[in-house]
Amino acid sequence: MVFLYSKNLGAHYYVKVDQASSMEESLAGIEEVFKTYSPDYPFQFTFLDELFERQYKADIVLGRLSMSFMEISIIISCLGLFGLATFTASRRIKELGIRKVMGASSLNLVLMLCGDFTKLILISITIGSSIAWYLAKEYLSGFAFHVDISGSVFLLASVGLLTLSQLTVGYQSLKAAFTNPAASLKNE
């Protein structure tokens with residue numbers, strides 16, 4: 001089957017090859033027909049999947065580059081969050097010691113420290129998801145055939161981000177909560 005997308009007969013022709021026949025035989029037959037009708041022109045061919053790959057090569061490179069920067073930014077943000085949790089726990093170590101002496105359980109102290117960070121992370125998820133949704137919608141609008149953006153993608157990313165942040169902050173919270181109150185209050 002031959003598709004003609006131009007009124008100019010010297011333009012490109014799109015040929016659909018039957019999958020049952022071998023590619024070499026099909027190309028030889030197409031070349032023979034081409035030489036019959038256009039003996040003055042060289043027979044050149046390319047496959048449609050190769051053409052699409054060339055067209056979308058920049059998008060593929062951009063996707064890989066974005067993935068690399070995303071991984072680096074997640075690592076840097078986790079290190080920053082770990083540092084902030086360490087700093088917060090060290091500043092509040094005396095408060096945690098007093099709360100523990102007054103009867104607070106270690107679980108309550110961990111939930112208190114993690115809760116402070118959870119509020120900030122939920123605010124940043126809301127802002128970041130809104131911006132990401134808008135940018136993704138604008139990017140995808142440039143394609144003729146594109147998928148709609150689903151909220152489940154953002155929900156899954158939010159759950160993953162909350163889990164990762166709680167693991168990062170949780171370590172320092174547990175360490176601060178299980179510190180002996182006598183050791184933290186001995187300077188007072």
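Glycine residues also receive a Cβ, built from the backbone N, Cα and C atoms like all the rest.
TrEMBL has this to say about the protein:
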type: DOMAIN; residues: 68-181; note: domain 'ABC3 transporter permease C-terminal'
type: TRANSMEM; residues: 69-89; note: transmembrane segment
type: TRANSMEM; residues: 109-136; note: transmembrane segment
type: TRANSMEM; residues: 142-164; note: transmembrane segment
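Secondary structure of the domain 'ABC3 transporter permease C-terminal' (68-181), assigned with DSSP and counted as helix (H, G, I), strand (E, B) and coil, comes to 96 helix, 0 strand, 18 coil.
Taken as a whole, the domain 'ABC3 transporter permease C-terminal' (68-181) shows an average pLDDT of 89 in this prediction.
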